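The feature domain 'Amino acid transporter transmembrane' is assigned by TrEMBL to 2-375. Per TrEMBL, the feature transmembrane segment maps to 20-43, 76-95, 115-132, 144-166, 178-198, 210-233, 253-281, 293-312, 318-339, 359-379.
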Amino acid sequence: LQGIFVLGLPYALLHSGYSGLLLIVLAAALCCYTGKILIACLYEENEDGQLTRVRDTYEDIANACCKKLSPSLGGIVVNVTQVVELIMTCILYLVVSGNLLSHSFPYVPVTEKTWSVIAFVTLLPCVFIRTLKIVSKLSQLCSLVHFVIIFVVITYCLTQMHQWSWAKFRLSLEFENFLVSVGVIIFSYTSQIFLPTLEGNMKNPREFRCMLNWTHFFACILKTTFALTAFLTWGEKTKEVITDNLPSFLETLVNLCLLTKALLSYPLPFFAATEIVYSCISNNNHSNYRSPLLALTIRGSFLLLTLLMAMFTPHFALLMGLSGSVTGAAMTFLLPSLFHLKLKWKKLSFLEKCADISVFILGFLCSLAGIVCSIKGLLEVFG
C-alpha cells in the first residue's frame with residue numbers, strides 16, 4: 001500500500017522544508033514502535049510465564065480492550081476504521097490513475113475525471129475476485145513495476161545534480177500546509193492493519209521485531225532519498241504527483257508504468273475491505289460465500305463508491321493528507337498505543353507508559369490538526 005503514495009513525498013517536502021526530512025525519519029521510528037506494541041497485544045503470559053498468542057487479529061485486540069463495555073464494540077470501531085482506510089486507498093488509486101492518464105495523453109480532449117472513469121472500467125473484474133491467491137499474484141507484479149519507477153525517477157534526478165541547491169528548502173513554513181504534509185507522510189507508512197496476519201504467518205514469529213526494524217529502516221532510506229532528490233531537482237515547481245515534473249520523453253513511459261501499478265494495486269485494499277464487510281454481515285464466515293449474490297452486491301457497491309468519491313475529490317495530495325490524518329493516524333498511532341496501555345498497564349515500566357502516552361497525544365494532535373487543514377484545503381478547492 002505504501003508504494004504509489006511515495007509520489008506525494010516530494011510535494012510534502014515542498015510545504016514542510018527541512019522539518020519534512022525529520023518527519024519522514026520520525027514517522028518511520030514511531031510506526032515501527034507502534035507495530036511492535038500492537039503485536040505485543042496479541043500475546044499473554046501463561047502459567048509458566050511464557051508468552052502465548054491468544055489473539056489473532058486487530059479486531060481481537062480491540063474486543064479484548066472493550067469487553068467490559070461491549071464484547072464487540074472495539075471490533076466494530078476497528079473494522080469501520082480499517083474499511084474507511086482501505087476504501088480511501090482505493091479512491092486514491094483511481095484519482096492518481098486519472099491524473100496519470102491525463103498527463104500521459106494531454107492532446108486527447110478528455111478531462112481527468114473521464115480518464116478516472118476509463119480506469120474504473122478496467123477494474124470491473126475485481127467484482128469477481130473471490131480468493132487472495134489472485135490478489136497476491138497481482139501484488140508481485142506491482143513490486144516489480146514499483147522498483148522500475150523509483151529507479152527511473154531517481155536516475156533522472158541524479159543527472160540533474162548540477163542544478164541542485166539546498167536554498168530550495170523553506171526555512172519559514174505555512175502551518176496549515178505543513179500539517180497536510182504530516183498527513184501525507186503518515187499515510188505513506190501505514191501498514192499496521194496487516195501486521196497481525198503477517199506475524200501469524202511467519203515461519204519464525206520471533207524474528208518479527210527484527211524484520212520490522214529492517215523494513216522500516218530501508219523504507220525510511222528509500223523514501224528520504226526519493227523525496228530529497230526529487231525536491232532538489234524541481235524545488236518550487238514540485239507537483240502533487242512528482243512524475244508530472246518529468247520531461248515528456250520520460251513522463252509518458254513512467255506514467256504508464258505507474259498507471260499499471262495503480263490498477264494492479266487496487267484489488268488488494270478492495271478485496272480486504274469487502275472481506276471485512278462481508279464477514280461482519282455473514283457472522284464472520286468469510287471463508288465461504290454462502291450468498292454469492294450478497295458478495296457480488298457488496299463488491300459492486302464498494303467499486304461504485306470508490307468511483308463516485310474519486311469524481312468528487314480529484315486532488316491527490318489533499319485526499320492523501322486527509323486519509324493519513326483520519327484513518328492513518330488512528331490505526332498507526334492512536335489505537336496501538338491505547339490498546340497497549342489497556343492490556344499491558346500492570347507490566348509496563350514507567351518509561352514505556354510515558355512512551356505510549358506520548359505517541360497517543362502526538363497522534364491525536366496531528367490527526368486533529370491534519371483533519372481541519374485538509375478539509376479546509378478541500379473546501380477552498382471547491383470554492
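Along the chain as shown, the residues are counted starting at 1.
Cβ from N, Cα, C; glycine included.
When each of the listed stretches 20-43, 76-95, 144-166, 178-198, 210-233 is scored by C-beta pairs under 8 angstroms to the transmembrane segment (115-132), 76-95 comes out highest. In summary, the transmembrane segment (20-43) lies against the transmembrane segment (178-198): three or more C-beta pairs, each 6 or more positions apart in sequence, are under 8 Å.
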